[in-house]
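Database features, via TrEMBL:
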DOMAIN    29-309  domain 'UvrD-like helicase ATP-binding'
BINDING   Ala50, Gly51, Pro52, Gly53, Ser54, Gly55, Lys56, Thr57  ATP binding site
DOMAIN    310-584  domain 'UvrD-like helicase C-terminal'
REGION    672-700  region 'Disordered'
COMPBIAS  681-692  compositional bias 'Low complexity'
Amino acid sequence: MRTFLLQREPSVADNVPEALPEAATRILEGLNPVQRQAVEVTEGPVLIIAGPGSGKTRTLTHRIAYLIATGRARPYQILALTFTNKAAREMMERIERLVGTEAARHIWMGTFHAIFARILRREGHRIGYTPNFSIYDTDDAERLLRELMPRYQIDPRQYSPRTIRHLISSAKNQMIGPEAYARLVASPVQEKAARLYGPYQEALRKANALDFDDLLLKPIELFEQCPDVLRQYQERWRYLHIDEYQDTNRAQYVLARKLAEGHRNLCVVGDDAQSIYAFRGADIGNILSFQRDYPDATVIRLEQNYRSTRRILKLAEAIIRNNRDQLEKQLWTENPEGEPIVLIEALSERDEAQKVEQRIRDLHVRYGYAFRDFAVLYRTNAQSRSLEEALRRGGIPYRIVGGLSFYQRKEIKDVLAYLRLLVNPHDAASLQRVINYPARGIGQRTLEALMAYARQHGLSLWQAIERVEEVGLPARAQKAVQAFHFLIARHAARVTSTPVDELARSLLQESGLFDELRREGTPEALARWENVQELLNAIAEYVTMAGESATLSGFLQEVALLTDLDEMPEDNRVTLMTLHASKGLEFPVVFITGLEEGLFPLAQATQDRKDLEEERRLFYVGVTRAQRHLFLCYARSRYRYGEQQPSVRSRFLEELDTDVIVTEAGLPFRRGEVEHRSSRTSRSGTPGFRGSHSQQREATRRVVYDEGVGEIVPGAYVEHPMFGEGKVLALEGQGEQARAIVFFPEVGQKKLVLKFARLRRID
Ligand SMILES: Nc1ncnc2c1ncn2[C@@H]1O[C@H](COP(=O)(O)OP(=O)(O)OP(=O)(O)O)[C@@H](O)[C@H]1O
Ligand SMILES: [Mg+2]
């Protein structure tokens with residue numbers, strides 16, 4: 001079963017020194033033989049294509065460490081591209097552990113967007129951008145489009161700027177320019193997008209701004225127009241790595257191929273079954289293109305899963321079997337069979353949330369799982385509300401990943417707009433955002449006059465403001481504009497000489513923003529004021545971390561490139577997040593909620609086989625995040641479109657051919673059969689799993705506890721039904737509350753409530 005596929009012999013075998021440095025040996029020891037192959041083939045193109053939990057990311061991490069430890073590469077010669085900043089940070093930490101902090105420091109590691117934003121800051125002047133360009137998020141881009149629309153006779157009420165932005169972004173993702181896009185137009189809304197595409201690009205350029213797609217497209221433009229720049233980076237980065245390759249888009253693919261020209265040391269890892277970003281332009285075909293571009297590539301398949309129980313893997317296989325477009329992959333594991341997977345049926349989303357909360361509490365108490373060990377996954381962000389409410393009621397700490405993140409809140413964006421103006425005053429989106437906030441007598445009419453003047457003279461809005469006396473405004477308005485100009489210009493002049501945090505504080509004070517937030521005096525305004533303080537803390541923290549090299553534009557860049565997926569729990573909380581955000585992560589206990597038709601799969605995805613298969617891959621991704629416990633949940637009714645509506649269990653459950661799932665009552669799950677009994681139990685207010693069956697179990701446990709507790713003393717060796725053998729380190733608390741702190745070699749230290757823990761003394 002343990003096969004690996006090597007299409008060519010590792011050519012580097014000859015360069016390997018007789019005795020590897022000790023560190024390199026240690027790096028290889030943490031890997032199985034196939035993973036080791038992937039690490040040792042350091043030269044030439046390598047494709048690692050393997051299922052979830054098989055150690056792809058781990059292999060990549062060890063490969064980079066190995067390159068350094070053996071001296072085959074200097075750290076700055078290594079480029080590693082990840083899907084989120086968090087993934088980059090985690091990988092970096094592990095590499096540091098393997099080769100030391102100093103050696104790891106100069107590796108180029110980050111998301112495509114972060115790395116290429118950095119390159120553009122350095123080299124962008126070659127294609128007409130100054131180093132202080134702004135990065136526009138979707139919000140800024142939509143604002144820009146909305147403003148352009150009237151000029152092109154398009155009504156924003158009829159065609160939403162969001163849809164237009166989405167269409168333009170898709171075109172950019174596929175590297176289709178404005179002219180080519182105009183030829184492809186097939187609907188009225190696409191026609192509108194085509195009309196705005198060119199002017200939108202023009203407006204971005206005038207604002208010295210790039211949107212997210214540009215961060216990938218402009219480097220391509222740069223490399224094509226300036227071959228010397230490309231050559232320089234080809235020579236610098238001798239070893240390229242890409243994680244989650246199945247979710248790269250066309251532009252990312254082109255960038256990787258360009259950079260690898262020459263040395264061809266490109267190692268990509270991915271899993272076609274986990275491709276879930278086609279809707280954002282990701283192209284599964286990139287895996288196939290890789291094999292076409294590099295027919296001599298070493299292809300490595302990892303088949304041992306280290307993450308999940310056998311039952312969880314069986315379920316994953318049963319899910320993906322229903323997809324037609326799938327590369328054949330085998331997965332096996334040495335892990336135990338594990339706990340049954342439980343199907344939870346709820347009456348409503350509120351009931352579902354309650355059941356999730358109770359299960360978390362139960363596992364926390366009974367098995368000693370920390371809150372950070374739990375993840376609750378859902379298809380759409382809106383589903384988090386009921387879950388949040390239940391957890392809050394139950395006093396369980398949680399954290400939401402994604403949704404409206406800190407940096408997308410209005411007050412934070414206002415402050416950031418002020419700061420962005422200091423480094424790039426041509427940034428029109430930021431300028432319009434704050435020119436009259438707080439109100440300073442620059443009304444819509446004044447703004448329009450300034451914009452018209454800028455257009456007429458081919459200037460940026462800021463340049464028009466600089467010449468305000470030529471615009472012909474009423475005296476009061478002109479004075480207000482001049483005062484604003486003075487405020488920004490005065491602070492901008494201090495950008496390099498004043499510490500960033502001090503400068504920010506001074507600007508917010510003098511702009512009147514602080515007063516504005518204080519004046520309102522409502523609890524909401526207070527919360528906003530606190531958020532702004534929190535932002536100032538973040539700036540101060542950045543200054544401490546970056547030391548000498550701290551700059552305002554450096555800080556703004558970090559913030560602009562934070563993605564929703566990066567705000568992850570550092571502390572001990574349950575994680576709530578969308579299935580998309582869960583990619584690459586793992587948790588001991590996972591809940592997948594809302595398995596209902598129209599929700600998961602989403603209604604709009606059920607029309608087309610390809611869309612449906614992407615939804616199914618998303619289910620597959622969710623299930624394979626689980627290490628030990630997995631719960632699948634659905635509600636028989638859900639509040640949608642303003643009323644409580646009946647819902648139908650997801651086809652993803654009905655199509656499963658497997659015996660690994662049990663109902664809440666512990667009975668085997670049969671497709672097509674809806675278990676009404678358990679839901680009646682919950683209607684009476686008694687949650688299903690505390691029904692008669694569980695009461696019986698509880699009674700048995702109590703007996704064991706009563707018999708056993710006298711023997712559980714510090715130093716005793718004990719066995720736990722889940723964690724295996726361990727040693728009691730200490731006891732605390734009294735009676736019902738008595739807890740033991742036990743060290744289990746397999747899972748580490750756990751604090752267990754004796755009453756529930758079912759510990760048995762074994763020495
Ligand atoms: N050879 C190994 N020995 C011990 N543990 C391993 C080994 N390989 C992988 N693991 C562990 O298995 C888990 C899954 O590994 P990893 O996250 O690298 O998988 P992956 O293939 O990247 O998964 P995904 O497709 O979900 O991103 C991690 O906890 C990792 O440390
Ligand atoms: Mg991974």
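Please read every residue number as a count from 1 along the shown chain.
Glycine is no exception: its Cβ is also placed from the backbone N, Cα and C atoms.
Structure with TrEMBL features highlighted.
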| residue | record | contacts (Cβ under 8 Å, 6+ apart) |
| --- | --- | --- |
| Ala50 | ATP binding site | Lys56, Val269, Asp271, Ile300, Arg301, Leu302, Glu303, Lys329 |
| Gly51 | ATP binding site | Asp271, Ala273, Leu302, Glu303, Asn305, Lys329, Leu331, Thr624 |
| Pro52 | ATP binding site | Asp271, Ala273, Gln274, Asn305, Arg307, Ser308, Ala316, Leu331, Tyr620, Val621, Thr624 |
| Gly53 | ATP binding site | Asn305, Tyr306, Arg307, Ser308, Leu331, Glu586, Thr624 |
| Ser54 | ATP binding site | Leu302, Glu303, Gln304, Asn305, Tyr306, Leu331 |
| Gly55 | ATP binding site | Leu31, Asn32, Gln35, Leu302, Gln304, Tyr306 |
| Thr57 | ATP binding site | Ala87, Met91, Asp243, Val269, Gly584 |
> What are the other residues, in sequence order, whose C-beta lies within 8 angstroms of the center of the C-beta atoms of Ala50, Gly51, Pro52, Gly53, Ser54, Gly55, Lys56, Thr57 at the ATP site?
Replying inline: Asp271, Leu302, Asn305, Arg307
> Mean pLDDT, the domain 'UvrD-like helicase C-terminal' (310-584)?
Replying inline: 88
> Checking the binding-site residues Pro52, Gly53, Lys56, Thr57: which ones have Cβ within under 6 Å of ligand 2?
Replying inline: Lys56, Thr57
> Which of the binding-site residues Gly51, Gly55, Thr57 have a Cβ less than 6 Å from any atom of ligand 1?
Replying inline: Gly55, Thr57
